[in-house]
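Please read the structure below before turning to the comments.
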């Protein structure tokens, strides 16, 4: 697909003026913004002309792959442009390699139709195995899995490791029927990032059914309104965390069947939970036998040939986003999860890798706008993301898309109509890095209040960000969670409520709450937490692999420690729930940016206002302050609505929650009014006006 524009300045971008008014630094790059929009428009117009529009084009899964026709015959269509021949084989023909050849069509497509059995039944039974036989350009016969397979299974260990395609076509009475409507997108997005397999306390792979029964109620009780599910797209290597996808249309069979995943999502919807898929379109596993790689016998097909088609760090294949059939495959993949499984939104993995020819490897990204509009930018990937976001929001305006993006590409989270990338949010990836760096490298006395506030506030105006103190990245083996950085080995011996007082545990519990609250309050327009981190999950995350003797000890969540009323993990869990429920009441995440009036380096005090609430943090390791003066924007009477030092959060109960705070008309720190607070060491409070 040729992406060229004769005169970019003649391209009409419907709402470009709005984008340029938000960020004047983009004006010198107007030509490039118009060029990108022109390329996007060209792709959409070509799809409209050749395929009848995105609505039809994104339903490729209805044409490609194996399908049962109304008369019970089977049709299979594949795209393998450099193949010399394709053959269908499996249980249905006793694995005869040549008896069922495909017919070659135009544009690299192949088709086969198998008539119904004499008794009218379908020739390929539900759950029977099938493979595509490939006659390669090198004249060899090879086995391949259908790229559109919807259910693949790992064979018994003695039979190898390559996944096998089992035709998923259950009878009507075994198909799950959705019962609950999809929820509207939340105003304040509070995301619980989760993984089905580790969602159990047992030494095994957790299941969809167990997760729906045991974990979803926890998430709802904690006050999250969305879940982001990792590792759904099938991946042959469990320890890849789902990021080395082998079968894009197959929901992972290690956790259960497609129908059981549908039931999980429907159960989440019944609780009002918005469900997002962690989608991996940035790269694909290089597996050949059970992946997309070399599907037609060449090193290209779905990917770029040569070095451009390989990610040097991830050892995986890179999509050719300019190819018509690759566009169909990826857009249809998004549509599949929307339609078949009723996912509500998507978190796009590895967006930085997609945006740049360098894949961000070794890039510092200083913030100079030339980095975002130069020759290092991969126009084809940018256009794919624009088309994908445009399509998703066209199909359902309540769809949310999140970019895992670290470079800070301007306008990535502005509407496509403005010339932006079309994402709703980007992950604020600098925030968790900052917290880890502080805990790892500095004493509490050396923490800079100004730097903390800068990192939390440093995001593009009117481009929404998801703030988080830690995600799955920090939980993985080789790194440590915040709880582990804070409390380390003391967690093994001093987390009992009847243990002797322990200064390390006291500090850890106090800072764990404060870090999460200030991140939630100031860091973004959405908030994310990784499964188990809300209660300071002990230890790290490590999947079964040769290096750990295939152990599941660290590939699970130890719910037993938070359910034990004698352990202090409950304090952190209680606080997380209280914070989320308070946000639900006051809505500071969607209330616009906070205003920070105090960041006092000596006192270690931070004060900011957001969503009608006043947040006060004392990070000093040993100084408490009585009658500490703070500025506020609105006059009147305030009350304390959250106190990290409360008894139910493992605090010392130093504050009287019945205290009323009356403002003075004396301005302070550039605020028109002021009031006095008592703020103990390592304590944060939230004040709200009394009606």
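Including glycine, each Cβ sits where the backbone N, Cα and C put it.
Summarising the annotation, TrEMBL assigns active site, nucleophile to 349. According to TrEMBL, the active site, proton donor annotation covers 404. Taken from TrEMBL, the feature domain 'Glycosyl hydrolase family 13 catalytic' covers 202-576.
Sequence-distant contacts of residue 349 (active site, nucleophile), defined as residues of its own chain at least six apart whose C-beta falls under 8 angstroms from its C-beta, comprise 243, 278, 279, 280, 281, 282, 404. Neighbours of residue 404 (active site, proton donor), defined as other CB atoms within 10 A of its CB across all chains, total 20. Across the residues of the domain 'Glycosyl hydrolase family 13 catalytic' (202-576), the predicted structure has a mean pLDDT of 96.
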